[in-house]
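Trainee: Pasting the feature list from Swiss-Prot:
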type	residues	note
ACT_SITE	K63	active site, proton donor
BINDING	D11, K34, 61-70, T117, R179, Q188, 208-209	substrate binding site
Amino acid sequence: MKEERPIIALDFSSFEETKAFLDLFPAEEKLYVKIGMELYYAQGPDIVRSIKSLGHNVFLDLKLHDIPNTVRAAMAVLKELDIDMATVHAAGGVEMLKAAREGLGQGPTLIAVTQLTSTSEDQMRGDQNIQTSLLESVLHYSKGAAKAQLDGVVCSAQEVEAIKAVTPTGFTCLTPGIRPKGSNIGDQKRVMTPNQARRIGSDYIVVGRPITQAKDPVAAYQAIKAEWAG
């Protein structure tokens, strides 16, 4: 089921920056935001509690990757923060993914990171020594996530249709690397516009700098939200 709101990546390191950004939006505008490593490691669990207290949904993107027992225990701790979504690295293997699901329980959405959208096929082959195609690697990780009873994967929009063809009905595809037409793609290698992501079947999109660094973040958010809605 498609999330109607684009998820905003809060690419900040301080509580003050985060609060100043969120305060730009009307109180009745309930957002879906992504807290990544930078903000969480700088501010800790309190930043999650603070944002949740405002009524926003929180996607905690820490990409856990460790032995199964450690990941299970860490997810059990994160569950207490009432997060709405969390991530693990699919490369940790099916047993680790199952442990993550056990720790987080069935309430929050749990998705696996396949290949980062900053990774090209040449980089994957050279750095990771994976000699299949990038798409084949993503599909392999996606099938492992489905086997472990995860809700979906993080993937490039270019991979959504192929993933949905090899995973159960309802398997979720969250797409970062979304850029409005004409914007700077930054360090992303595999990008799409909100409209393209919608048409190809993405269930969630994540947008950071085109909103957080816009001259008018609220207007930028509303424009992207409208394009995503179709």
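Placed from the backbone N, Cα and C atoms, the Cβ positions cover glycine too.
A quick note: this is a predicted structure, and the numbers were derived from the prediction, not measured.
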Trainee: I'd like the Cβ neighbour count for D11 (substrate binding site), meaning other Cβ atoms within 10 Å of its Cβ, all protein chains included.
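Mentor: Other Cβ atoms found within 10 Å: 17.
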Trainee: Secondary structure at G208 (substrate binding site) (DSSP, helix/strand/coil)?
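Mentor: Looking at the DSSP assignment, G208 (substrate binding site) belongs to neither helix nor strand, so coil.
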